[in-house]
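Asker: Once you've had a glance at the structure underneath, I'll fire off some questions.
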Amino acid sequence: MPRDAHTISRKQISENALKVLYRLNKSGFKAYLVGGGVRDLLLGIEPKDFDVVTNATPEEIKKLFRNCRVVGRRFRLAHIVFGRDVIEVATFRGHHGESNEKVSKANAEGRLLRDNVYGEIDEDAERRDFTVNALYYDISDYSIRSYGGGMTDLKAGTLRLIGDPETRYREDPVRMLRAVRFATKLNMGIETVTAAPIKQLAPLLKDIPAARMYEEVLKLFFAGKALANFELMQEYKLFAPLFPQVAALLKDDPKGTTMKMVQAIMKSTDQRVNEDKPVTPSFFYAALLWYPLRQRAEDIAVESGLTLYDAFFAAMGDVMEQQCQTISIPRRFSTPAKDIWQLQLRFDRSQGTRAFKLMEHPKFRAAYDLLLLRGEVEAGNVAKSAAWWQQFVEADETERLAIARSGTKSPNRNRNATQRRRRPRAPNADGSAATSAPKTSGTPKAKAAE
Ligand code: ATP
Ligand code: MG
C-alpha cells in the first residue's frame, strides 16, 4: 500500500523511532515500524510504543547505536535507549527448520522456549500473532505492507491469528490473553476459528513463567479495560489459571461476594485509569485476594485451633505465596498488600481517637479504599464500619475530633476476627453487651448518625 493510499504520516511517529529507522536504513539495512504502532495509528489510537524490525542482527544493531543494549533469551532484541524512552528493535524471525538447540527450542507441549532463528520479512510476518499485528511501515518509501490480510481484518474489526490457532497457542499460550486484550482495546471481534481452541487450551497458561505473567496481567488490568477483560477472560476460562484461589471461590458461588468484589475492583481500576489517577498492584492484589485470604484464615483456624486473628496472619503468607506461583508479584507490591490486609483488622478496633493514628499509616488510603469496596459488596457490619470511616475521612479537622470522641469502640475489643464479626458494634441501648449483631441493622446513614 503506497504512501498515498494510507493515512500514516511521519509526524505521528516518535522522533526516536524515526531516528532508529533512518539510521538503520542509511546503513543499508531494511527498517520497518511494525505491530501495535502501525495498527494503532491506522485505527486513530495513540500507540503505546513503537516497535522496529530490521534485517540487521542484534550484533549489527549494537554497532550502529552507542545507546544499544541487547536483551532477552527467548527472543534476543536490541533496546535503543533514549533517556526514559526505549525503542525495541527486533531482527526478522525465520522458520524453525532442523532444530538447532542454541537458536530454537520447544518443550513437550509445543511451547517455544527459544526463538532466535533469523529470516526475511515474509517469514517474520508469519511468526507474528494476529494479522492486524503483521503490518509493516517501510521507512524507505513510506508504504505499508500487510500480510495474511491484516489490512482487511483491521478494517473489518477482526482479530485473526496467523496460521493454525492451536499450534500458535501451544507455541505461546500468552497469545490467548493477547486475543482478549486486543479484542477489548481495539473493540474487535475474535474470529471464530481463532477463538475455538481457547477454552480447551486455557490451562496451558499455568506453565508460563510467573515473571512474564506479572507483566501481562498489568497490561490486562491497568489499561482502562479491566472489567471488559475480566469478563472476556471468564468467558474463555482464562481467569482461573491465573488466579486459582479467586477462581475457587467464584466457582463455589458465581454470583456471591467474591464476584461482586472482583467486579468492583475492575470497575474502580478502570475509573481511576480513565481519570488519570495512579493505580497500584499492591491495592489490586490485596483487594482481589481478600476473600481467598479470609477463607484461608478460617481454614487454618479450624485445622490448627489458632484464633482467627492469628490464623489470619498465617494465611497472609500462604495466600500471597500461592498467588506468586502463577504471577510473580514483586516484593515492593506484595509487602504493602499485606499492610493493606492487616489494616482491615484495625479499622474495626480504631473507631475512636485511635482513628487519627491509623490515618497516619502510609497504606491507610489504600486500605480505606478496600474497606469501602468491602462495604459495597458485603453490606452488614462491614458497611457500617466503612460508613463510619467515610464520615471520619471526609470530615474536616474539627468535625473529625467530634466524630472520633463519639466513636463507639472500646480499645481492647476484637482481638479475634471471628468475634469481630459476631459482636455488635456497640453495647445495646440499655448498656448490656449484645451477643449477636443483627446482620442488616443500621444502614450507613444510621451508623453515621450514631
Ligand atoms: P501493545 O503495545 O498495544 O500492547 P503490540 O501489538 O505492539 O500491542 P507488543 O507486545 O508491543 O504488542 O508486540 C509488538 C509486536 O510483536 C506485535 O504487534 C506482534 O506483531 C509481535 N508479538 C508480540 N508478542 C507476540 C507473541 N506472543 N507472539 C507472536 N507475535 C508477537
Ligand atoms: Mg507495542
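Note that the numbers count up from 1, one per residue, in the order the chain is shown.
Just so it is clear, glycine is given a Cβ too, placed from its N, Cα and C backbone atoms.
The model shown is predicted, which means the values in this text are computed figures rather than measured ones.
Taken from TrEMBL, the feature active site applies to D49, D51, D129. Annotation source TrEMBL lists compositional bias 'Polar residues' at 433-443. Feature annotation from TrEMBL assigns domain 'Poly A polymerase head' to 31-160. Residues or ranges marked as domain 'tRNA nucleotidyltransferase/poly(A) polymerase RNA and SrmB- binding' by TrEMBL: 187-248. According to TrEMBL, the domain 'Polymerase A arginine-rich C-terminal' annotation covers 305-425. Sequence annotations record features per position, and here TrEMBL assigns region 'Disordered' to 403-450.
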Asker: Could you check the active-site residues D49, D51, D129 and say which one's CB has the most other CB atoms within 10 Å?
Answerer: D129
Asker: Quick one: DSSP breakdown of the domain 'tRNA nucleotidyltransferase/poly(A) polymerase RNA and SrmB- binding' (187-248) into helix, strand and coil?
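Answerer: Secondary-structure composition of the domain 'tRNA nucleotidyltransferase/poly(A) polymerase RNA and SrmB- binding' (187-248): 41 helix, 2 strand, 19 coil.
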Asker: Can you grab the distance from D129 (active site) over to D51 (active site)? Cα atoms, rounded to a whole Å.
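Answerer: So the Cα of D51 (active site) lies 15 Å away from that of D129 (active site).
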Asker: With H, G and I counted as helix, E and B as strand and the rest as coil, say where DSSP puts D51 (active site).
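Answerer: Once the DSSP labels are grouped into three classes, D51 (active site) ends up as strand.
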Asker: Within the domain 'Poly A polymerase head' (31-160), what mean pLDDT does the predicted structure show?
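Answerer: Mean pLDDT for the domain 'Poly A polymerase head' (31-160): 88.
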